[in-house]
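Per TrEMBL, these features apply:
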- A:K7, A:Y8, A:G9, A:G10, A:T173, A:D174, A:Y179, A:R184, A:K209, A:V210: ATP binding site (BINDING)
- A:T47, A:E74: substrate binding site (BINDING)
- A:264-338: domain 'ACT' (DOMAIN)
- A:344-406: domain 'ACT' (DOMAIN)
Number of protein chains: 2
Amino acid sequence: MALIVQKYGGTSVGSIERIEAVADKVKSWRDKGHDVVVVVSAMSGETNRLVALAKAIQDTPVPRELDVLLSTGEQVSIALLSMALNKRRCPARSYTGHQVHIRTDNMHNKARILDIDNKRIRHDLDQGRVVVVAGFQGMDEEGNITTLGRGGSDTTAVALAAALKAEECQIYTDVDGVYTTDPRVVPEARRLERITFEEMLEMASLGSKVLQIRSVEFAGKYNVPLRVLSSFEEGEGTLISYEEEGMEEALISGIAFNRDEAKLTIVGVPDQPGVASKILSPIGKANIEVDMIIQNVGVDGTTDFTFTVHRNDYDKALSILEQIKQELGAREVSGDNKIVKISLVGVGMRSHAGIAGTMFEALANEGINIRMISTSEIKISVVVDEKYLELGVRALHSAFGLENKS
Amino acid sequence: MALIVQKYGGTSVGSIERIEAVADKVKSWRDKGHDVVVVVSAMSGETNRLVALAKAIQDTPVPRELDVLLSTGEQVSIALLSMALNKRRCPARSYTGHQVHIRTDNMHNKARILDIDNKRIRHDLDQGRVVVVAGFQGMDEEGNITTLGRGGSDTTAVALAAALKAEECQIYTDVDGVYTTDPRVVPEARRLERITFEEMLEMASLGSKVLQIRSVEFAGKYNVPLRVLSSFEEGEGTLISYEEEGMEEALISGIAFNRDEAKLTIVGVPDQPGVASKILSPIGKANIEVDMIIQNVGVDGTTDFTFTVHRNDYDKALSILEQIKQELGAREVSGDNKIVKISLVGVGMRSHAGIAGTMFEALANEGINIRMISTSEIKISVVVDEKYLELGVRALHSAFGLENKS
């Protein structure tokens, strides 16, 4: 008997049949004696339909009014799911973000949750009802409708779980958990039973699209255990929580990778204070996000400076660097947009030496040349030629024994 | 410079093009210096689409959840219209019924408005904004979303006009006003410039579908001048208000008719107290609405009792009467479902004798036999054979000179 918050995304409620299936699942938790709060997204396709209506009027619709419009998508879902639950003699009530006072700042289209008044939800739970809450939306201090931006329903679920001190926040999606790596690349990839928030953040930001980064951060901040499960299959999914006593200490949790990288190098810049900012400021001003940054120890009073960007930004970044080259009197600008990044992620790294050595050796054994290296406390990333992506990921997966339950 | 409340129905906002046209119209009023509050319905077809989704889950959806679902229709309209206004540099803000505290009772799907907190609307008007409010919806005391039932947007508009003490409540529709009778029956039918609330109520309840009866009652109760206008054409429409000094005193305002009538007679029932209720109670319990009721003076201790019902209820009513015949020991039950009702409406009747005589004579001149007669202070209704409908209406229209401005 616990309080569980569940979140079902747009695909999970994409049709009447799917909504009925979600109702079955919710009811099965209720029947086990749990209190259940459900957060739902708009039916898949609905948000796009609404955006198209708005764009038919204005290319850039007024943000406040766009939120009024988009928030109807989730409102339709909560009503239909509540009907499906009531039909199953599972008493349920739906609420918009406005009605349960999900208070946000006033940044329309990308608002952040400030707090939630859970009185009303508590009351309904006490009456034995399932509470169905519209994801992705809230209201600002003046009562204007706000939305949290795409994927915001995950954040709604985590915020509710935190406010209600729920035992667990379950995110139902179309995959059955978090894997050691992408199973399309490594067929032996294995579902993780547990992973820490920090590892999940590294996995997510490195391209594993299972959860929204913001919701993982949020869950970590408020220490809400998150569980990723499949809407369509039975299973335990993957639990994301803090490290616990007795938690199996995996050396490495998984291997993330990112195909859309490009790297740029400016060679022979004067090795003086302020050079890095002279290079990166114009890049930032052009709205280009920089990922890895590496600067080697200088020789002869000059140094080389390398960074990676999204592949779409490669040409723009290159032409900016050419200008900077003139200004700084650098020797050369070079780049490569046929590279990928592969990262080992694991909190076990903290206490185990030799991980990097094993990694580099595994890659070398396959004849894969490492172009860049960057490390953090729980992650080692390398940049290699694009053609080596699959080979590299498989080599590492095997070298660290990820296919076996560690 | 006045405060105007305008209401646009589903057809008027049925597409992006239509919404843009409404925005033009609203802006033209704003440009004349008026404060404008706009009430809109769901885009035509949208409510039916939502009802179909609900019915795919439950034949009789939970009323509370149906309201959560249906209220999204109007919410889409207010957002889109506000965008279209802002695009025209006409500052506008949209509000749901919840946001402007349109407080109703808790009768989901057919709630009644109790009061409106107009602070927020006043504030926006003071800032020079057009305020766009979702029709048809409100919230009960506990903050649950309610809807007013079909056509409820008219009521929202009237209630807002009353709360804001607006100079006029304009109902934009697909006809350009209230006519002396249906122009499809009498091509000479003339648009009325003015009509009283009482006359409008008689016209509406008798089958002129221009306005919802409830909104006319409401407007009369709070003395809100109502104007019916076309969304698509220019024109003054028809003003509905109380009789005023100097208001042209038309003898007859119009001729209403109703095609869907059927009459039933139970012959030779004992002329005793309580008989009428013994006949009508079972009819009422079967959810059959009775319109005209006529009982003649009894002869020989028995009397005949006649009433009319909607043609769809004819068979059901007939079989109930057969049973009652046994119980009361009546002589006979007869009926006719090929009849229509024609009504003369006009406050002028009050002070003018001879109207009935003129009416009956006009019908007699055409060889039309009157089957039933019923009168009220401002109305005379007759039941005639269905085949005489057009002939009768035209004869009366001409006999009372309605084709000329009276």
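Every residue gets a Cβ built from N, Cα and C, even glycine.
In TrEMBL, annotation is done automatically, which means it is predicted and not curated.
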Work out how many Å separate A:K7 (ATP binding site) and A:T47 (substrate binding site) at their Cα atoms, rounded off. 17
As a whole number of Å, the Cα atom of A:Y179 (ATP binding site) is distant from the Cα atom of A:T47 (substrate binding site) by 29
As a quick check of your reading of DSSP, tell me how many residues in the domain 'ACT' (A:344-406) are helical, how many are strand and how many are coil. 30 helix, 14 strand, 19 coil
Where does A:E74 (substrate binding site) sit in DSSP terms: helix, strand, or coil? helix
Provide the three-state DSSP residue tally for the domain 'ACT' (A:264-338): helix first, then strand, then coil. 29 helix, 30 strand, 16 coil
Please work out the number of neighbouring Cβ atoms within 10 Å of the Cβ of A:K7 (ATP binding site), leaving out its own Cβ. 27
I'd like to know the mean pLDDT over the domain 'ACT' (A:264-338). 89
Taking 10 A as the limit, how many CB atoms besides its own sit near the CB of A:G9 (ATP binding site)? 21
Is A:Y179 (ATP binding site) helix, strand or coil when read with DSSP? strand
What does DSSP call A:T47 (substrate binding site) in the simple three-state scheme? helix
Between the Cα atoms of A:G9 (ATP binding site) and A:E74 (substrate binding site), what distance do you get, rounded to the nearest Å? 10
For A:T173 (ATP binding site), which residues of its chain lie six or more apart in sequence with Cβ-Cβ distance below 8 Å? A:G9, A:T11, A:S12, A:V210, A:V228, A:L229, A:S230, A:S231
Other than its own, how many Cβ atoms are within 10 Å of the Cβ belonging to A:T47 (substrate binding site)? 20
